[in-house]
Amino acid sequence: MQETGIRNGAFGADKFGLKNLKQVHWNLGAPQLYQYSLAAGEAVLSANGALCADTGEFTGRSPKDKFTVRDASTEKMWWAGNQSITAEQFEALYQDFLKHAEGKTLFAQDLYGGADPTFRIKTRVFTELAWHSLFIRTLLIRPEKIELDTFVPELTIIDMPSFRADPKRHGVRSQNVVAIDFARKIVLIGGSYYAGEMKKSVFTTLNYYLPERGVMPMHCSANVGPKGDTAIFFGLSGTGKTTLSADPNRTLIGDDEHGWGPSGVFNFEGGCYAKCIKLSQEAEPQIFAASNRFGAVLENVVLDEDSRVPDFDDGSKTENTRSAYPLDYIPNASRTGRAPHPKNVVMLAADAFGVLPPIAKLSPAQAMYHFLSGYTAKVAGTERGLGNEPQPEFSTCFGSPFLPLDPSVYGNMLRQLIAEHNVDCWLVNTGWTGGKYGTGSRMPIKVTRALLTAALDGSLRNVEFRTDKYFGFAVPTALPGVPSEILDPVNTWADKAEFDKTARALVGMFQKNFAKFEAQVDADVRAAAPDVKLAAE
């Protein structure tokens, strides 16, 4: 077996059971990985230097194909939200992965999940594709060269899109599989070329281990102002986490995954993974610039046949086009990935019904209610099985597919942290205004940015608020620079009776969804629910 690159010779591929490999390329950088990827025909070069790859059948995550080993160590798992396989089935899958790898050239990266040295997880990722190796090297945190000589992984991932699972033998649903064994700290990914499965496997692992160490893992972006005022933005894919946290007046901590621990907030990653459908220089200059340079990886972005210039408006392959780039491609990104305890928590919802206000102030009890509810609209393309229209979705903790533990674990941690650090909480609608999806229009990003700026700099505390009669939270009535009519969504609808009917229906959906949490929360949180009587009228 031929090996190249810097590595720990005493802890190589054989320690994972990989044998009879053709080659292993260790910890290669972008230039070498570009070379291997282009030579193998895995990807093409865009006009501006980004590497552009097509993921084929799978253009998003496939949560129905994700499985966790059920054994004595995982009885604390939230099995209502996770699928299980036996240790024996996983072992058969593992052995078949090892057999499939024989004779292949693999790329290995030694990386960290987590910017806080106390809580990070040492992660080794084996991939059969060079561009997947570049992707995960970009998304996680790279050790210093000197650390690679003695690197011993805690978590190992093997990612082979050419592998096909056997549902009968392996206890899975299809030929596509993501399988996690928390006891052995092994993740197996097969059948899918969608690179996002790798990063979310690391996130799921951190979601499992960190709470017992006093760290709340969060599906959120984060930034910090010049006065050290950290803000975190919860939200599902497509709700604006990446876009809204990339603010030229604030330092970006990260765009997707963070921990909130004893010393503040820290990024789990060293890169960004931005949705780039309809990406433009005018609306998102930082992300546009980062996506159009050497070292960026574009997924399913259509290139002009002659010029090779990316056409970010073209969603013919998928609406879930993506750009992965190093965090330091954003000019004002943090170099440490760490920040003080938050002053503001923002929950982003892409409301497909168009009845939530553009911003609302939440009490601590309302914050826990909306965190456990995790309301948004699933946006087309981020998962398999969705159509072209957004669907209303309650994804608890704004990240249900990535939660190995009961949602109440994360909800209680958030409530304690909000109380301990006197945090202001906000609900922001980045979805529709002036009607439902199909009738109304998307909330103008300039309005959202203006409202967020006012919330984060403290000026929103000084305006007049009204109590929303449907949801009970506080909504500003006026703010300089923002049209007053947009602050009260009913004013943006031509048909007021239809608005009332739609708002009542959404209240009912919240109530129905939250029923499963009522026994786990106290009276304050139950009282923070939208008005039950109103929904039943």
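For all residues, glycine too, the Cβ spot is worked out from N, Cα and C.
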Q) Which single residue out of Arg164, Arg322, Arg335 does Swiss-Prot record at the ATP site shared with Lys200, His219, Gly235, Leu236, Ser237, Gly238, Thr239, Gly240, Lys241, Thr242, Thr243, Glu284, Thr448? A) Arg322
Q | Co-listed substrate-binding residue [Swiss-Prot; alongside Tyr194, Lys200, Arg322] among Arg61, Arg461, Arg466 | A | Arg61
Q: Check the Cα-Cα distances from Arg61 (substrate binding site) to the binding-site residues His219, Gly235, Ser237, Thr239, Lys241 and tell me which is shortest.
A: Ser237
Q: Starting from the Cα of Gly235 (ATP binding site), work out which of the binding-site residues (Tyr194, Lys200, His219, Asp256) are within 10 Å.
A: His219, Asp256
Q: Pull out the binding-site residues from the set Tyr194, Lys200, Asp256, Arg322 whose C-alpha sits within 10 Å of the C-alpha of Ser237 (ATP binding site).
A: Asp256
Q) Between His219 (Mn(2+) binding site) and Arg322 (substrate binding site), what is the CA-CA distance rounded to a whole number of Å? A) 18
(Q) Nearest by CA distance to Lys241 (ATP binding site): which of the binding-site residues is it, out of Tyr194, Lys200, Asp256, Arg322? (A) Asp256
**Q.** For substrate, whose listed binding residues are Arg61, Tyr194, Lys200, Arg322, the greatest C-alpha pairwise distance in Å
**A.** 14
